[in-house]
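As written in Swiss-Prot, here are the features:
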type	residues	note
BINDING	Gly154, Val155, Ser156, Arg157, Ser158, Gly159, Lys160, Thr161	ADP binding site
Amino acid sequence: MSSPRHVFYISDRTGLTAENIGEALLNQFGNLSFKRHTHPFVDTPEKARAVVEKVNRSRQENGQRPIAFVSVVDDEIRRIIKGADAFQINFFETFLGLLEKELNTEATASEQGHHSIGNTKRYDARMEAVNFSLNHDDGVSDKNLQEADVILMGVSRSGKTPTCLYLALQYGIRAANYPLIPDDLESADLPRMVKPYRDKLFGLTIQPERLQAIRQERRPNSTYAKIDTCRSEVADAQSMFRRHGIPFANTTDKSVEELAVHILQACKLKRRF
């Protein structure tokens, strides 16, 4: 079996753009393996040269030309990175020229956009949403719950918390979540805490076998992790969702990104920034 191809994500900011687009492309080659290296905040010539050295060293040690996904605005830094011995996909160079042609004007590179009032507002909206989600995780508090954009419900370990945090971070959505415990599942009514907010509820379900595997890692050989317990809880939760007309999604084969988009569409929610 051949050694994994080395992949570098190089950015003058967080690296999330390079990672997201790069991963979407690499996922089309499921038969190959990759070793990933992320280098964020490459925003000076010195940092760029250091990254180039790492890329070239990887080429020498691995014997294969690395792949580099580059998201860098500054021309000088991009020029330095171009000197790396790698197959490079530079998002700004690839798409900026096409946009300039379509808009019939040249781009004016500026760092100002990174620190504009608009970005400050986006940051504030994101942090407010994250704090809200953390303060309303796992049903710990019903204070200001009426301010939630959506309230996720599901049995323990069905993916509620990561989905809430992703909605908050990526979309500024105030997402709370409530764990369905056995007492809730035995009742024909909705849990008292979330009952007033019926229109904001969205359910998460999961295949019992997958749920058992997750719970087994947390509490090995416990009643909590038994397959019969998982099957019963999942079935009861789905019955509750159907009985009260609560939309729900299966988290088993969905990424958190897919789940978030599905929830936004189903609940008719819009990004806050």
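Cβ coordinates are placed from backbone N, Cα and C, and glycine is handled just like the others.
Small disclaimer: the values here were computed from a predicted structure and weren't measured.
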Other residues near the ADP site, CB within 8 A of the CB centroid of Gly154, Val155, Ser156, Arg157, Ser158, Gly159, Lys160, Thr161?
Asn177, Pro179, Leu204, Ile206, Thr251
If you draw a 10 Å sphere on the Cβ of Val155 (ADP binding site), how many other Cβ atoms land inside?
27
Run through the Cβ atoms and count how many others sit within 10 Å of the one on Arg157 (ADP binding site).
22
A 10 Å Cβ contact count, applied to the binding-site residues Gly154, Gly159: which residue has the minimum?
Gly159
Around Ser156 (ADP binding site), how many other CB atoms lie within 10 A of its CB?
16
